[in-house]
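Read the structure below first, then the notes.
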Amino acid sequence: MAIERTFSIIKPDAVAKNHIGAIYNRFETAGLKIIASKMVHLSKEQAEGFYAEHSERPFFGALVEFMTSGPIMVQVLEGENAVLANREIMGATNPAEAARGTLRADFADSIDENAVHGSDAVASAEREIAYFFSAEELCPRTR
């Protein structure tokens, strides 16, 4: 098993509903360690930069508007197969299709406001982590 790092966002809808603690509990219960975390209110430019790969997609404008609608929590998770583990914890993108007990089934209202984001691969995790955190902000958990 490989120890990996992945990137996670608790989106504005879940932050507004005070689900941060419950979501962090799910990460930790699943064996993922939070090694960096902060609350950010994205500017339009920050959101457009983060989601640049989707800039030509029809939902891009609505995505940027949603992601700038309120504060978000960004965090770096570390653990065995962290990318896959976090994706399993999150559940399907559409909460109507997400398995019971997943974050999206429990905390999301729609495919557009689906509570959380998680990296889909180690390479994207590295890029997404670097977008929000400097190397000095990452605190490996040795105990």
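Each residue, glycine too, has its Cβ placed from N, Cα and C.
Per Swiss-Prot, the features are as follows:
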type	residues	note
ACT_SITE	HIS117	active site, pros-phosphohistidine intermediate
BINDING	LYS11, PHE59, ARG87, THR93, ARG104, ASN114	ATP binding site
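Most Cβ neighbours within 10 Å, among the binding-site residues THR93, ASN114: ASN114 holds that distinction in the structure as shown. Cβ contacts within 10 Å of HIS117 (active site, pros-phosphohistidine intermediate), excluding its own Cβ and spanning all protein chains shown: 20. Straight-line distance linking the Cα atoms of LYS11 (ATP binding site) and HIS117 (active site, pros-phosphohistidine intermediate), rounded to a whole number, equals 7 Å. The binding-site residues under consideration are LYS11, PHE59, ARG87, ARG104. Their Cβ neighbour counts within 10 Å are lowest for PHE59.
Spatial neighbours are here defined as Cα atoms within 10 angstroms of one another, and by that definition the neighbours of HIS117 (active site, pros-phosphohistidine intermediate) among the binding-site residues PHE59, ARG87, THR93 are ARG87, THR93. For the recorded site, the residue listed as 'active site, pros-phosphohistidine intermediate', the DSSP three-state label reads strand. Between the two most distant C-alpha atoms of the annotated ATP binders (LYS11, PHE59, ARG87, THR93, ARG104, ASN114) there are 22 Å.
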